[in-house]
Structure formats: C-alpha cells, structure tokens
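A.B. asks: Take a look at the following structure, please.
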Amino acid sequence: MLIKFTKMHGLGNDFMVVDLISQHAHFRPEQVRRLADRNFGVGFDQLLIVEPPGRPDADFRYRIFNADGSEVEQCGNGARCFARFVKENRLTNKKNIRVETKKGIIELIVNKDGLVTVDMGAPRLAPADIPFVAETQEAIYPIEVNGVMYEISAVSMGNPHGVLVVDDVNKAPVHKLGKALENHPRFPERANIGFLQVVHRRFAKLRVFERGAGETLACGTGACAAVVAGRLRGLLDRKVEIKLPGGNLKISWEGEGHPVMMTGPAVRVFDGQVRI
C-alpha cells in the first residue's frame, strides 16, 4: 500500500512524518529499518507518527521509532517538527498543542517567527525513574568502561540520558565511548549519551550519541538533559544556548520540579509517497 509522508528536520536531525489520522497503516520494525535506509529507503533518524489521542486532555498522540525499528519515549527535535506538521497540514488551529507521548503530555507552541517552543516537562532525576542503577540520587555518578572510570550525570527527559562533561567536544570519543555507555548495564533500557563542553555559563557545545541511531546532528532531549546536568553541577545558568553540529537550541530550566523549555527550528523538506 502507498503511504503519504513528509520529510522534515530539526537542525539536521531528520524525520519521516506520517499522518495516521487521515490514513491507516501499521509499521513493523523491519519496515521501519527498510524505510530508514539512506541508500534503499527514504532515509531518516526517526519515524514520527501522528495519531488520534488516547486521552481527553491531549490533541494528538505522538509516537517515535528509531532507525533500528525500536519505539522510543521522546524526541525533542521531532516534537518541533510534529508541531509544524499538524499546523501546516491543518490538523489543528491551536497555538498551544497538547501531545500525548509514552511518558506523558508535552506542550508545543508554534511562534510567529516560525520557531517552535516545547515544554518538555520536568526532568526525572531519581535513578529508578531514568532508569539508572544507583542506590541514591546524585548529580554525578562514577561509571566504569573497560577499566576506566568516568563521571556521568543521569537524567530522564522522558527518555534516559547520560551526560559527560568534556574539555573539547571535537576531540571527545563520541562513537566508541558513546556506544559503550549506551549499552552499559547501569542503563537497563539503554541511554542517549551526551558529551558537553561548557564554554561559559550561558553557552555550551554538545554532541550526542543517540540510543538506536548513533551520533546525530542534533538531539533536542539531549540538549535539555545536558543543561539539566550542567545546572546540577553548578556549571550553567538557567538560560543556555546549546551549539550542536546541526545548529543551535535555546534551553531554559529554573530548577528541580520545573519544566525544561526548548526553542528551535523545524523545517519541512518535501512531501512524498512510499509503498510499505
């Protein structure tokens, strides 16, 4: 069957977006992997699905599948693209859009300048909520990889993140160490791994090795988790600009119990049809 889709990106983190309100389909993991292939398929980091909400306080249901076919809880860059998609496709005329994810409700705001602000909700820091194997909640945890000890912060932004502070993101072993930490036994559900370089209290650089996708040009939840980790370590102010390989995001966080706010672009690349 033929399915209509839209190719979008947020800072180079690219998505295939499918409206399953006006059309019907079911994506099996092997189909997602085939579509994600950049040589033989559409090519994307994640597949984003727009569905009717399953609860009365939401406007839509938002589902995310990684390129390896696994379904994940959250994607910040995808959320911005989701907001622009439902507005431009006239699926809603609301300015503030409430979206149901696997880990709860997030709120999306399409600004007049075309940027999208996402209320990502409050970060979860208790080890059991991330999940991360630790006896008590700390800002920094020692973690061993191949006999070497590292210091990591563990944060959930609806999906699990580990954040390391590095001197230079360009020299950080993102692929080797990122893969090892993604699959570390202390992250039972695997994790996205961020490498954070603090330039000054309101500006930082970040590279992210995403769970199930590898390093991407940008990771919205990773940027949020990095600011939370930086704030918990006393390195960052409440409003920070994060420079990722694909561009910049503005992140703000007042502190524990408060939501993380993320603002950045969402770009529509093209519309197409594909047979599944």
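Keep in mind that glycine also has a Cβ here, set from the backbone N, Cα and C atoms.
Sequence annotations record features per position, and here Swiss-Prot assigns substrate binding site to ASN13, GLN46, ASN66, GLY76, ASN77, ASN159, ASN192, GLU210, ARG211, GLY220, THR221 based on sequence analysis. Residues or ranges marked as active site, proton donor in Swiss-Prot: CYS75. Per Swiss-Prot, the feature active site, proton acceptor maps to CYS219. The feature site 'Important for dimerization' is assigned by Swiss-Prot to PHE270, with sequence analysis given as support.
On this model, are these features tucked inside or out on the surface, and what's nearby?
C.D. replies: Long-range Cβ proximity for ASN192 (substrate binding site), meaning a same-chain Cβ under 8 A and a gap of 6 or more residues, is found for ASN159, PRO160, HIS161, GLY162, GLU182, VAL208, PHE209, GLU210, ARG211, CYS219, THR221, GLY222, ALA225. Secondary structure at ASN192 (substrate binding site), as computed by DSSP, is strand.
Taking all protein chains in view, 32 other C-beta atoms sit within 10 angstroms of the C-beta of CYS75 (active site, proton donor).
Annotation note: CYS219 (active site, proton acceptor) sits in a coil segment as assigned by DSSP.
Just so you know, the Cβ of PHE270 (site 'Important for dimerization') picks up 8 other Cβ atoms within 10 Å once every protein chain is counted.
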A.B. asks: Based on DSSP, name the secondary structure state of ARG211 (substrate binding site): helix, strand or coil.
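C.D. replies: Where ARG211 (substrate binding site) sits, the three-state DSSP reduction gives coil.
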A.B. asks: In angstrom units, rounded to an integer, how far apart are the Cα atoms of PHE270 (site 'Important for dimerization') and ASN13 (substrate binding site)?
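C.D. replies: Here the two Cα atoms are 15 Å apart.
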A.B. asks: Using the alpha carbons only, what distance in Å do you get between CYS75 (active site, proton donor) and ASN13 (substrate binding site) once rounded?
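C.D. replies: That comes out at 10 Å between the alpha carbons.
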A.B. asks: Among ASN13, GLN46, ASN66, GLY76, ASN77, ASN159, ASN192, GLU210, ARG211, GLY220, THR221, listed as contacts of substrate, what is the widest Cα spread in Å, to the nearest whole number?
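C.D. replies: Taking every pair among ASN13, GLN46, ASN66, GLY76, ASN77, ASN159, ASN192, GLU210, ARG211, GLY220, THR221, the longest Cα gap is 17 Å.
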